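Straight from TrEMBL, the features:
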DOMAIN    73-141  domain 'RRM'
DOMAIN    269-397  domain 'Fe2OG dioxygenase'
BINDING   His287, Asp289, His360  Fe cation binding site
Amino acid sequence: MQCCGRVAVLHPLVAVTHGWQFKETLQRSPERSGWKHEGQSMWNSGRVVLLLGSFIWRRCHTSRRTSCRSAPPVAFVGGVPPEMESEEVQKHLQQYGSCRVVKRCRGYLYVRFQEAQDLVAAVGAKHLVGGRDLTVEVAKAKKKQWYCEIDPDYPPRIRRLMDGVVHIQNMLSMAMQINIAKQVISLSSARAGFYTPRFEDRAMRLRMFCLGRHWDTQTHSYSDVRSDCDGRPVLAMPSNLKELVEGILSDLKQKCQPMAHKAHFPPMEPDTCIVNWYSTSGSLGVHQDLDESEQSIAAGIPVISISLGSSARFLYHPDHPDIPKDSDGCDGCDAISPRSALLRSGDIFIFGQEARRLRHGIAKVFPRTCPKKLVEVIETDGEGEAGRLNLTFRQTR
Ligand SMILES: O=C(O)CCC(=O)C(=O)O
Ligand SMILES: [Fe+2]
C-alpha cells in the first residue's frame, strides 16, 4: 500500500482519509485459493472511509504476520455476582496494581492490569469484596481451542450479517476440506449418489444427494427413501460429519460469548445433510428452507452450510421473511434488494433463530476459484472447471 496525506482514526476499525492516494495490491496465496488476485484501488482527494479492520485482516492473511496471534494483554476474569458494582471490584483490585475494567459480560468482569504477568501470583484467587466472595483467575479466553481444525495462517473470521445470520470465513483447514470433499465424493459414487432433481417441473441447475434423510423435491418433505428419484434407501449420515456440525456450533458459542445473545443458536441434532454440486454455470433460485418440521423451524434451529471448492455468490434477503404476498403474488420484499456474501471454500454459513426462514439462493459460481488442492478431488464440469460442493445440515424432526 502506498499513501500520502493525513489519516484520522475515528474508531479502531474505521478511519477517514483526507486528500489521499490509496493504492493497494492484494495477492492471495495460490496454495489456498488456487489463483492470484491482484487488485488495485486508487482514490484521489476527497474523503474516503477505509475499513481498517478488514485491511488488517487481509494483511494477516497475506503477510502471515505472527503479531496477529500474539498473546493478549494481561487480563483477569472474576466471577462477579450481579449485585456487585464493577467499580467496587476495580477499586479492590487496584490495591495490587493499576488496572482498568475492560468489559463486563455474563457474570464475568474482565480487568486488565497495566503491569506484568507476575501480578497473577500477587493477586491470588480468593477475595472478599464488600463481604462477598470473589474469585480472580487468569482469563481463559486465550486457552480456548477451536474444535474445528483451522489453518493458523488463515484465522477464522466470524461475520454476523444480521440477527440469526452468521458467516464464518476460513473455518475449515485445507486438510479438513480435502477430507470432507473426498468422503462426500466417495459416498456419491454409491448407488444412492448424485442425481439432478426437478423442482416445480424444471430440472434444477445442480446435482444433489442426501445423507440421513432424503429431501423429496416433489412432495416437499423428508423420507428414508429417494421417493422422487429411484426409490433407493438414503445413505446414512456419517457420524464424523454430525460431530463436525456440533463442533462448529460449539466453537461459535465459545468464540462469541461476549456477543452470545446475537450469535447463539439453539442446540441442534443434525439428522440430514443435503449435498449439492454446482458446475460453474450452476445456480439455485431464491427460496426458503421450510420443509423441516414445524417445531424445528419455530425453535429457530439453524441450517448450517459448508462450502467447498469454487467460490459462490450467495444471495439473501435482509427483510422479514413472513411478509404476506399481495394479490399479484408480489411481496414487499422484492422491492428490497437482496444482499450477498461471497462463500469461499472452507467457509460456513449459518441461519437460524429469527432468521430461520431467510430467503436465500446461489446467484453464481465463479470459475478459477477452487483451491488447487481441491481441484483434483471435486468433480469438474464439461469445461474442466472444478465445481462447488455445498453441504447443508438440518434438523428435520
Ligand atoms: O449452496 C448453497 O450454499 C445453498 C444451498 C441451499 O440453500 C439449499 O440446499 O437449500
Ligand atoms: Fe436453502
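Just so it is clear, glycine is given a Cβ too, placed from its N, Cα and C backbone atoms.
These figures come from a predicted structure and were not determined experimentally.
Comparing Cβ neighbour counts within 10 Å across the binding-site residues His287, His360, the minimum falls on His287. For Asp289 (Fe cation binding site), the same-chain residues that are 6 or more apart in sequence and have a Cβ closer than 8 Å to its Cβ are Val303, Thr392, Arg394.
Broken down with DSSP, the domain 'Fe2OG dioxygenase' (269-397) shows 16 helix, 47 strand, 66 coil. Confidence over the domain 'Fe2OG dioxygenase' (269-397), given as mean pLDDT on the 0 to 100 scale, stands at 89.
For the Fe cation site, the Cβ centre of His287, Asp289, His360 serves as reference, and the other residues of the chain with Cβ at most 8 Å from it are Val286, Gln288, Val303, Leu358, Arg359, Gly361.
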